[in-house]
Amino acid sequence: MCAIGATMPNCKLSSSSTSGNVGFTADAGNIRQRGNSSGGFFQNRGFGWLMEVEEDDEEEEKKPLLEELDIDLQDIYHKIRAVIVPLPQMGFDSKIIRDNPDFWGPLVVVLLYSLVSIYGQFRVVSWILTIWIFGSALVFLLARVLGGEVYYAQCLGVIGYCLLPLTIIALILPLFSQMHYVGLFFKLLGVVWATYSASSLLCVEELRQKRTLLLYPILLLYIYFLSLYTGA
């Protein structure tokens, strides 16, 4: 019914809008009812998880890429510094690699050493990665047999990071290619440097008295790494 005094067009407009609202409400109710029925259908058959919506998806999408990959550049920097200068007197936390191991940092160091060694001998890359993985496993097993409370991830990180001294030496050696004894001195320095860093980082309290037993296989491991670079 139209109000008294209202014109006919206004009356028709009001009637059509009212009927439209009623129709829209009815349609929304039908859609909601169908949604509930479909949800109940999946729920009854054990597929209710298909209808679930995770509220944390938007928050996860907003995370930076480095955080998604669990890469902490500042943490990697501190670990590299502890490897290059493995002296507690300098105030560097040498336990950070063992207590907080990561994968991406040592992987980058191993790949960097592989790139330095790749000149003229492409096959050494796969060998360096293989020796890193299985050599770390060997050191891990030996440390556990000796009674040390270490984990494979810690050995993998320490052996990988401690390739950094050999990488630095590998970059210096071409400058002394014509000086045999000087080059030999730098090779020896790189192996001793890497071995000392790795052993000092892996030797926990339980292994202090057995450090020599762990030092020898680590020394052989880095000698082999150096031989892959020199081709000897």
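Along the chain as shown, the residues are counted starting at 1.
Yeah, the Cβs are placed from backbone N, Cα and C, and that goes for glycine too.
Listed in TrEMBL for this protein:
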- 94-226: domain 'Yip1' (DOMAIN)
- 103-120: transmembrane segment (TRANSMEM)
- 126-146: transmembrane segment (TRANSMEM)
- 158-176: transmembrane segment (TRANSMEM)
- 182-204: transmembrane segment (TRANSMEM)
- 213-231: transmembrane segment (TRANSMEM)
Same-chain residues at least 6 beyond the ends of the transmembrane segment (213-231) whose Cβ lies under 8 Å from its Cβ atoms: 113, 116-117, 120-121, 124, 127-128, 131, 135, 138-139, 142-143, 146, 148, 159, 162-163, 166, 170, 187, 190-191, 194-195, 198-199, 202-203, 207
For the transmembrane segment (126-146), sequence-distant contacts whose Cβ falls under 8 Å of one of its Cβ atoms, 6 or more beyond its ends: 106, 110, 113-114, 117, 152, 154-156, 158-160, 163, 202, 206-207, 210, 213-214, 217-218, 221, 224-225, 228
Number of helical, extended and coil residues in the domain 'Yip1' (94-226), per DSSP: 105 helix, 0 strand, 28 coil
